Amino acid sequence: MSNNIKVICRFRPQNSNELKHGGVPVIEIDDNNETVKVVGSSEFKGAFTFDRIFGSATSQEEFFNYSVRSTVEDVFNGYNGTVFAYGQTGSGKTFTMMGAETEDGTLRGVIPRMVETIFTSIHESPNTIEYTVKVSYMEIYMERIRDLLNPENDNLPIHEERSRGVYVKGLRDVYVSSIPEVYEVMKQGSSARIVAYTNMNAESSRSHSIFVINITQKNLNDGKAKVGRLYLVDLAGSEKVGKTGASGQVLEEAKKINKSLSALGMVINTLTDGKSIHVPYRDSKLTRILQESLGGNSRTTLIINCSPSSYNDAETISTLRFGMRAKSIKNKAKVNQDLSPAELKALLKSAKAQEISFKSYIGALEGEVKIWRMGGTVPPEQYATLERARAIGGRPAPAALPAPSIGSIISDVLRPMTPAVALADDEREEFLKRENELTDQLAEKETEIIDLTKVTQEMTDEIQYLREESTALSIENKEVGQDLQHIKIQLDRTNHANKEANITIEGYKLSNAEIARELAEAKQKVTEMSLQQLDTGAVNKQKLKEEKMAKMMSEIDPSFVLNKDEQELQAAFQNLNIDSNTTGRPTIVALTQRLNEKVKELTKFQTDNEDLRRDNEQLNQKYTDMLAKLNTLELEYEELLDRTIAEEEEHGDIDITETIQELKNRLEAQYGSKRDQLIDELNETKADRDVKAHENSNLRASVLELKEIGAELKNQIDELRTSTAEAAASESVSSSTDPASLAQRERDIEILKKSMMNKLKEFDVMRKAMMRDLQMRCEKIIELEVALDEARDENNMLRRKNVHSVQQQKTAILEKNIAQLMSIQKELVDQNTNLKKESAMAERKLGARNERIDSLEALLLDTQEKMASQRQKYETQLQILKEKLGQSRNVKATTTSTMSGILNFGRIAKPLRGGGGSANGSPNVANGSGEVNGTNGSSALSTITESPATPNKRTSWLGWSR
């Protein structure tokens, strides 16, 4: 059988990602299934030849029977075997090695079929052979060896010994005796593997996994023993970061994976070029562990998994080239066999005979050397030879022993190793011992370095954080300095502006002082003129008032009649006092009654006079309000005119003629409304004046009536006087005859006299009050008439002023401002032109800014989409990690007791005897029933194979999700 590495190529179907990117099949396989071409490739135009090429329609069983079954047979014959899968990420390596879960198990991968084949071979072997099966499981993650059966050991060292070769120190070995136990061990280890999400594989393996099966077989008849070691390697896929989208920790993992695969390629190139003396096995821990599998003591099968799609044609060609180079490696496989006691005795006897022969030969050579040293010669026929020495010793050369036994002994010394300078056995042993010590120290140092690296990273992060803070503070200080400088400049500008403002304010103050002085002078002049005008008006008004008052009082003043009557009445009372004895009582009583009636009429007249006075006050107040409204109207008119002129000056581009006409119309409308209102008020005032004139006429009639009453009272006094004289004459005649009646009459006359005097006094007081009130009313009426005349004059003047002079004056002012308005219009036109230029420039700047904003918005939208995609990816990864964590917890909870028992019990060797019996007499576990130490172990297998697969997840035939 050839010792070259057996290279098998397998293509998978196109996946959805390749179809999404428009990928098409680009491979052509010949009829012999040994040559493949990549159609349309610009990198390589030739064909690739391998031991066998399988297309995408190949079944798992067909692939296993041709590719890997012979490796299991070699392991049972005592050879070391290695099966490892190589290829791009997502190319189907894990599917090939582990398979997928189905009810009938048709998609089982290489490893489950090899395990079943191993235990089937044990079951079918003779019962004189005893087997011991031992397994271990490890992964190489970030160039650190991690025991998957004991994940706490995550940095195991690699040792090498003459008897054991290259091995991993501290790796847990578990003895197994049935297929379910192997599956449980693999399940426990695979649950501890590290996977991650990438764009090309939702659950990409982030480490190289190596599953090792050691099979020891011993012949119970002759004691011969053979040891076969099987390496089952699932390599992490080579990755192109541009396609996988790796970042962060996944990117660091991709770097380590590509580095170890590059080291594997370098080892293969060195082994195949035929020129290199040193093979760089130690450049990577992967190549160091697989040292025996690459050019050493092993029968190796390399499975290269490829994609048939044009989307990944570059990665496919790289993988095919790797397989072509690996196909040229030649291994030196040998049987790992121990001799039986009989073979060892024969070998010892032959060694002793050889020892005697060598001693005789050495003695002959020493004698011959002495002769030559003494100057003598030895004839050629007497030269010392090994045959002659054996003849002299009398012991014939022993017969050749069986080749396997001799080969087994020699193999301990001559086993294939890394090409190096030949060393003695003791030196080599010392070198290996020293190397192991150094390797242990190196592992410890690596652990310390990792810890120190973590501390250093933390310190570096802290330093980076402090640097960032320092940079931020520096930038902030710089910005603060710039702001401070800007503030200083602004402060200087503000101080300068304040100085200018202070100067301006001082100028304004001086101007205000002058204006205030001028205003005060103007106010004083206006006050003096107003006072002078008021004095003149008051004097004229007072004269007019006195003239009208004198005229009115001369018409209605009856004081002279009353005074005359009063004098006559007083004289009558005097006469009455004199002639009281002659007055009759009836006449006095009638006179008294008449006098009381007149007093009542006078009281009523006084009351009416008081009402007229109040009405007069109200009329005067209304007149004052009318004057105030008139003044307000004039002020509003002036403000309106000024505001209109100001507005016209601000809008100088409007037609002046239209403006003047509009102003005239507006002023006429406002003045018409005010004029109508004023006319209405004047009409009301006239009506009130007519009412008051009517009241005055009534008052005058009352006065005339009082005059008539006074005349009548005078006549009555005359009559009283006459009757009194007659009474006195008659009483003088009868006074002598009736003294009592005379005394009574005198008392009555005295009482009447007093009463009349009192009434006369009251009448005098009422007359004076009435006259005063009448005089006041006459004065108020005169004042109202004067004010009404003034209001009429002012109204007429205002009409004339509003109709003619005001409009002409304002029109003249507007015409004078036309020139100013034209100049202002010219300035506005110039300003409008400048504004148009500035507007055009601003529009251009705005257009450029809008374009910049659009580009920034597009960039922001793109960034948001990328962030959303990245966030979705992270959420997917997080969800997968959560599911993995939950599954691992569930698996750990359900299998803790079973695995703890398996792993703890796995430290004890479990011999298995072929043909259905075990060494301890317990039921055979390799007969297909799956019994473990007398228990039905197939239940575990059935539970694993029948558990439903998780939807949308890559599942293994062994029952765990990947």
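In case you wondered, yes, glycine gets a Cβ from its N, Cα and C as well.
In the structure as shown, the Cβ atom of THR94 (ATP binding site) sits within 10 Å of 26 other Cβ atoms. According to TrEMBL, the feature ATP binding site maps to GLY87, GLN88, THR89, GLY90, SER91, GLY92, LYS93, THR94.
Here TrEMBL flags 428-455 (among others) as coiled coil.
Annotated coiled coil per TrEMBL: 505-532 (among others), in sequence order.
Here TrEMBL flags 595-650 (among others) as coiled coil.
The feature coiled coil is assigned by TrEMBL to 781-891 (among others).
According to TrEMBL, the compositional bias 'Polar residues' annotation covers 920-955.
Residues or ranges marked as domain 'Kinesin motor' in TrEMBL: 4-329.
Marked as region 'Disordered' by TrEMBL: 914-962.
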Any idea what the model's mean pLDDT is for the domain 'Kinesin motor' (4-329)?
83
Validating a neighbour-count step here. Other CB atoms within 10 A of the CB of LYS93 (ATP binding site): how many?
26
Would you count the other CB atoms within 10 A of the CB of GLY87 (ATP binding site), including those on all shown protein chains?
26
Give me the count of other Cβ atoms within 10 A of the Cβ belonging to GLN88 (ATP binding site).
24
Positions whose Cβ lies under 8 angstroms from the coiled coil (428-455), at least six residues beyond its ends:
144, 155-162, 169
Between the binding-site residues THR89, SER91, where is the Cβ count within 10 Å the lowest?
THR89
Among all chains shown, work out which of the binding-site residues GLY90, GLY92 has the most CB atoms within 10 A of its CB.
GLY90
